[in-house]
Amino acid sequence: MAVFYYRGINFAGEVIQGIHEAQNAKDVADLLKNKGFFPVTIRKDPLYTLFFLYRDFILKKGYRELAVFCRQLAGMVEVGMPVVECLSVLCQQNSHAGLTRALRRVIRDLKRGFTLSEAFRNQPGIFPEILIYTVETGEIAGCLEDILKKLAVHFETMAKYRERLKTSMTYPAILGVVALAVFYFTANNILPVYSHMFEQSGIYLPVITRIFMAVSTNIGRYVLYSLPAFFLLLLGHYKLKRDPEKAYAIDKFRLSMPVLGPLQKKSTSAMLCRVLAILISSGIPLVKAIEVAENTQNNQVFKRDLQRARENLRMGKNLADSLRGSSFPPLMLRMLQVGIESGKLEEMLFKTADFYDNEVEILQIRFLSLAEPVALTLMSLIIGFSVISIVLPMFNMYSLF
């Protein structure tokens, strides 16, 4: 699979451009033709690819926007408004540029005769698969507003995960930035003044001061080199994630990390159970629900576990047995087994998701309680290193008088 930059135009003069993952350029051309566009440019270009990846990262819709979108759309559909009119209203009210552009394309496809789920599917990388498949089921069953309400709850829960994680990282990040700013200011503005005085006095400089002086002399070069180094690091990480085997090794290492590993396992378990519960309650077969859940996974370890589970389900095993030997917590499998035996799998999936939501919240609180003292200690060490490297030579100078 490769990432292609494409640009197309239709008879109305509308231009579409972006990136798409495909086996070859022909697949990208077929995608554009299916959407009613003629290919103008299709090429593998790392610079274009990186630009659009960066743009998508900046403009990418979040779970909060999806939750609001689903809830507003459900409310308007419930009172009998046509879907095209609903989406037109949402386009006018939405302040998110990326989502607004996508909704305009959805409206265009609906006017051409596409169903809502097909129109969502024609926007690759914008709407998650769980939304597409459940909306498709809701259209067939005539319960679109109920499906949208369930999706709104799901996306609100995912938004809470993300917000709690941001909150837990904000304080340590601020401390880290303050410590680095103090270090940079001392090395770039204060130490050069004292270093000239130390050299003239001819005193012996402690090792810590010599290290700090070396850093001070080259700090501009370090800052200059750090930017391309950071860029290359991001590019390298992106390339590694494109290789399934290397991505699997990276994700497996993450799961083995203290605190972060259990946090990811429990958050993934909660997300899987909620996704499966929503899909199954919408009437989607379990095997297809597992496939959709698999496609929503970014972690290669869990992705492979779900692939094996899907094959096991096709062989006739139940859900709990299909997931045995995976990276999912044993307690989750036991809860699923109880749901299967009692004939209330859907209800048990929702309860399991709520249980792991609480577990994730507890772990995030513990992580924050651990991160704060660690960040304070590191900040104290950095500032202390800066101060001691200046104070020690000054004491040596005073001893000469």
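Along the chain as shown, residues are numbered 1 onward.
Even glycines carry a Cβ here, placed using N, Cα and C.
Source: prediction; values computed, not measured.
Annotated features in TrEMBL:
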- 69-188: domain 'Type II secretion system protein GspF' (DOMAIN)
- 273-393: domain 'Type II secretion system protein GspF' (DOMAIN)
- 170-191: transmembrane segment (TRANSMEM)
- 211-236: transmembrane segment (TRANSMEM)
- 374-395: transmembrane segment (TRANSMEM)
DSSP helix/strand/coil residue counts for the domain 'Type II secretion system protein GspF' (69-188): 100 helix, 0 strand, 20 coil
Mean of pLDDT values spanning the domain 'Type II secretion system protein GspF' (273-393): 87
Per-state residue totals over the domain 'Type II secretion system protein GspF' (273-393) - DSSP helix, strand, coil: 100 helix, 0 strand, 21 coil
